[in-house]
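Here is the structure we will look at.
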Amino acid sequence: MSVDEKPIKIKVEKVSKIFGKQTKKAVQMLANGKTKKEILKATGSTVGVNQADFEVYDGEIFVIMGLSGSGKSTLVRMLNRLIEPTAGNIYIDGDMITNMSKDQLREVRRKKISMVFQKFALFPHRTILENTEYGLELQGVDKQERQQKALESLKLVGLEGFEHQYPDQLSGGMQQRVGLARALTNDPDILLMDEAFSALDPLIRKDMQDELLDLHDNVGKTIIFITHDLDEALRIGDRIVLMKDGNIVQIGTPEEILMNPSNEYVEKFVEDVDLSKVLTAGHIMKRAETVRIDKGPRVALTLMKNLGISSIYAVDKQKKLLGVIYASDAKKAAESDLSLQDILNTEFTTVPENTYLTEIFDVVSDANIPIAVVDEKQRMKGIVVRGALIGALAGNNEYINAEGTNEQTQDPSAQEVK
């Protein structure tokens, strides 16, 4: 399903937050294009968020990032009205939450939205299980039911067996998992995560990012993730919002942010990113010419001659990759009346589309033929050649497929290892 076909989970329309007294005047000045500094000087009020406008799709990991003071935490707290918007509207599943009563809002917070903060805020005198079930306890849920749900959530985050421990017996990373489990116990549609991993050591932080991605694959929640770390945003986000001084300066996929920055600020923000840890084989693969295994060696020879290559991948009728045919072997087979199956070489390397370039650099460098890119059914999707890998790592857009898939016809010469 394409992004455009996914149902909209959250819709934010021209939402602003003004801190101060002259909010109406400040909102009008924003509408007239005045800057944050101009509004502060004229009204004494501070612009926290300026006319934010975006949609979040169901099941998406939507990252809001920016430096300190950019407005990202203010924005996420307006999504559940922990901070009241000064202007604009917010919809969840089509329901406008900005005009809900306290009772209606309380119901939304209980059933649809949970929040995970940077500080774990666990009760030291309660066990891990008791901390995890606390939200359901406040709702008056039966003890047996809430403990069962809490145990299921702890299992999801890898803490099965720790339910009778106390917070001070757990590491920082494990405590943050408890916070995540507590949020999941309510079975919300939406998780708001505000700098949830920022206080953790780098190695633990990466583990938690992996845990979050695995969890997302398993339960499919819509996640709004706040961070100031670009590497973290690029690693986990389906789409990223970049903020500065309360303004949204760009919204896009990680690839769009990296390869097509909207202005100089974004360009500087991403200039030091290690592309090898962001781009994948799918971003640089080219269309692969192949030969069906049921064709004869003369067909394979003709294809290779026309393409100017010395080897070609062989596939079956379903495009499943079977092996490599070398020109020298095909020539001998044609002279000896052998089939392609008789000369099929099955010693070759494949990589999935989502393999990061940092993981395939050595493989591509050592290979004497292009590396085959395959899907989960071992069907041929494309090839990676050395020249494209080097060009992409150098930041040359010519070698990068915008959406991480190969949609363009390749120059046959690209089949050769260069």
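A Cβ is built for glycine as well, from the same backbone N, Cα and C atoms used for every other residue.
According to Swiss-Prot, the ATP binding site annotation covers Gly66, Leu67, Ser68, Gly69, Ser70, Gly71, Lys72, Ser73, on the basis of sequence analysis. Within the same chain, residues at least six positions away from Ser70 (ATP binding site) with a Cβ under 8 Å of its Cβ are Met243, Lys244, Asp245, Gly246.
What Swiss-Prot lists as domain 'ABC transporter' is 34-270, and the listing cites sequence analysis. For the domain 'ABC transporter' (34-270), the model's pLDDT averages out at 87.
The domain 'CBS 1' annotation in Swiss-Prot covers 284-340 and is backed by sequence analysis.
Per Swiss-Prot, the feature domain 'CBS 2' maps to 344-403.
The most densely surrounded of the binding-site residues Gly69, Gly71, judged by C-beta neighbours within 10 angstroms, is Gly71. Cβ neighbour count for Lys72 (ATP binding site): 26 (other Cβ atoms within 10 Å of its Cβ, all protein chains included). The residues near the ATP site, meaning same-chain residues not in Gly66, Leu67, Ser68, Gly69, Ser70, Gly71, Lys72, Ser73 whose C-beta sits within 8 angstroms of the mean position of the site's C-beta atoms, are His228, Met243, Lys244, in sequence order. In this structure, Lys72 (ATP binding site) is part of a helix by DSSP.
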